[in-house]
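> Submitted below is the structure of interest, expressed as structure tokens.
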Amino acid sequence: MTGGSSPAVAVHGQQSSSSRSSSNISNISSSTSSSRSIVWFRRDLRVEDNPALAAGVRSGDVVAVFIWAPEEEGPFYPGRVSRWWLSQSLHHLDSSLRSLGTPLITKRSFDTASTLIDIVHSTGASNLFFNHLYDPLSLVRDHRLKESLSAQGVTVRSFNADLLYEPWEVNDENQCPFTTFAPFWNKCLSMPYDPAAPLLPPKRISSGDVSKCPSDTLVFEDELEKASNALLARAWSPGWRNADKALMAFVNGPLIEYSVNRKKADSATTSLLSPHLHFGEVSVRKVFHLVRMKQLVWSNEGNKAGEESVNLFLKSIGLREYSRYLSFNHPCSHERPLLTHLRFFPWVVDENYFKSWRQGRTGYPLVDAGMRELWATGWLHDRIRVVVSSFFVKVLQLPWRWGMKYFWDTLLDADLESDALGWQYISGTLPDGRDFDRIDNPQFEGYKFDPNGEYVRRWLPELARLPTEWIHHPWNAPESVLQAAGIELGSNYPLPIVEISAAKTRLQEALAEMWQLEAASRAVMENGTEEGLGDSSDVPPIDFPQETDMEIDRERELPRINNTAVRRHADQMVPSMTTISSLIRVEEEVSVGAGNVAEDSRPEVPSNINFEADTHREVAQALPQFNPDILRNALHSTAESASTWTERDGGLVPVWSPPPTSSRSEHYPDDDDPGIGNSGYLQRHSQSHQMLNWRQLSPSMRRSWEMESTVQPNAIG
DNA sequence: CCCAAGTTCTG
DNA sequence: AGAACTTGG
């Protein structure tokens, strides 16, 4: 790869006109008129407004490819429902592509890069086109891929298909990335140029020669999962045409009422577009332009509510944009609090709490109803997501990454960037997140979002006969009322596992402890003692910032790559975090209790609901293995009951192991067993996906990390 | 016109 | 929880 064409070009202070051309295809017309291109589909499963596909069609013959290499996702192996969606969507895409002239070639792989190279060779292609992704893994993988394929003489181009604006296009007046949402979104809405107009689907695709490049049959579900998945098809229709229908239905229907309806937990007044958007079945730019046109119309009609509805809906699109923006600028945001002092928060490490939450047996009806709905359907209204996750973090004080992982495994629209943003927001680990010491009371939220208790009754049949007056706080109901409703608290419906008032006290204590640890760590930092402090030395010391300072990611300290070069086409920009942060993960939390999950993860799904009880297998596969012994060893409080374990998360050693073949694994994840399912990936990427404890690092490594993570750029904020 | 109480919103 | 905003006396 020659110096001049580095694909990773930092563009800062560099402008709109060139950025703009990057997101449409006008700059590609100079490509030779009949070369053969691989169009690599990922989470852009559509033929409409797909810049990579359009580029391929323009430059000649097209080989359309999808590669299934889930092991590369490490702990974020897609959950069952998410895999179901993907399989449906791929079928849909394949038939669309076929009708245009070429099939979708599907490949099973354990190494995307080498599979792509094989495909290039077997098809004689000279170009590779794909659309950008912004999760940490893809940023690094795609960057490397670009380098290695370019070195082999393949022309690699990548495009923006997922965002209104690329992350590097949206900066504040000092050309620095925003650190809060509101100004970010205002800027997006007032950019000097509009998001690119959507491209039409190609009329016809000239197929490359795929005779030497047969498809693999991809398996996304096993027999047991099939039964559960069959029910999903009743409620959802994956695929880009269906996505388009859903969009139209929403825009011409519920959108206008969005601002008034959004409060109700129950109503189907949301767009239901998120899974479609996650897989790129519909283009956000199309959504944006369409919705904006509606707004113009309503605005002219003086329909204030309609106008406001569009603003609110667009804001949720904006949050999705922001999640990518955040992930791009802070590639660790899916696993580390962005507000550094929160790393010292003493999370409650209690698997029983976690289990009660998963099963919808916390004793708070709104929370429990939400968790049962999530399990049964893979779906939750955004409001309820906030309720259950806020309960998780603030009342149970479990580490948010556990909750995020569970969402990842169970949500139909599981999306790493969006979910990381959501959990960080709820956890108060963002500069503009909720106040950390704010505890929402599920009882009051219940009457707010579900005033008549219908939602609760639907998902908690055991409470169905309880009058509305008590539906959100059965623990206060008179015995006679409970009896009449057939409820025996503590037996067929639990008492609250944690009282709100107790949670408040505990939260205050935990916060005090957090500040103490933080201060101690700072002191250690200052006098250079390394080992004095036990656990708190596990967390990178920080130069204590103002409340709103974000974590300083490594890329800010490292020299920018090639600041001066002009970015060509739409080269994928890669934050320069690849070296250190992917080598080392300072882990705050242990992995979720998969052994536990595997054994007994199934909440009792209400029997009047038409969803079959699920099997635990997919959860077991999706979750990283966590051996409780490791946890116990790491904690000193063995004598106490599980529910009183609290320990700074940094003191625990998180280790991910390959998915088990059996549902139960006694196997210590950090020994050298290469394991089964994940072995390919873990072996090849041992540095980037081995989870290391801070203590395990060599002192010199540690020092360099500490130095880097404490440098304060003044540019932020 | 003011004040208090109530309501809504917060990414 | 707290600010900002609305409502009604």
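Each Cβ is built from the backbone N, Cα and C atoms, and glycine gets one as well.
Below are the features I grabbed from TrEMBL:
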REGION    A:1-31  region 'Disordered'
COMPBIAS  A:16-31  compositional bias 'Low complexity'
DOMAIN    A:35-164  domain 'Photolyase/cryptochrome alpha/beta'
BINDING   A:Y258, A:T270, A:S271, A:L272, A:L273, A:S274, A:F313, A:D413, A:A414, A:D415  FAD binding site
SITE      A:W347  site 'Electron transfer via tryptophanyl radical'
SITE      A:W400  site 'Electron transfer via tryptophanyl radical'
SITE      A:W423  site 'Electron transfer via tryptophanyl radical'
REGION    A:642-688  region 'Disordered'
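Any idea what these are sitting next to in the structure?
As a whole-number mean, the pLDDT of the domain 'Photolyase/cryptochrome alpha/beta' (A:35-164) in this prediction is 96.
Every protein chain considered, the tally of other Cβ atoms within 10 Å of the Cβ of A:F313 (FAD binding site) stands at 24.
Taken residue by residue with DSSP, A:W347 (site 'Electron transfer via tryptophanyl radical') is part of neither helix nor strand, so it is coil.
All protein chains considered, the CB of A:W400 (site 'Electron transfer via tryptophanyl radical') has 26 other CB atoms within 10 Å.
Under 8 Å, Cβ to Cβ, and six or more positions away along its own chain, A:W423 (site 'Electron transfer via tryptophanyl radical') finds A:S389, A:V393, A:W400, A:R401, A:G403, A:M404, A:F407.
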> Rounded to a whole angstrom, what is the C-alpha distance between A:S271 (FAD binding site) and A:W347 (site 'Electron transfer via tryptophanyl radical')?
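Distance between the two Cα atoms comes out at 35 Å.
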> Taking 10 A as the limit, how many CB atoms besides its own sit near the CB of A:L273 (FAD binding site)?
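By my count, 21.
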> Going by DSSP, how much of the domain 'Photolyase/cryptochrome alpha/beta' (A:35-164) is helix, how much is strand and how much is coil, in residues?
65 helix, 31 strand, 34 coil
> Hey, which of the recorded positions A:S271, A:W347, A:A414 is the loneliest by Cβ count within 10 Å?
A:S271
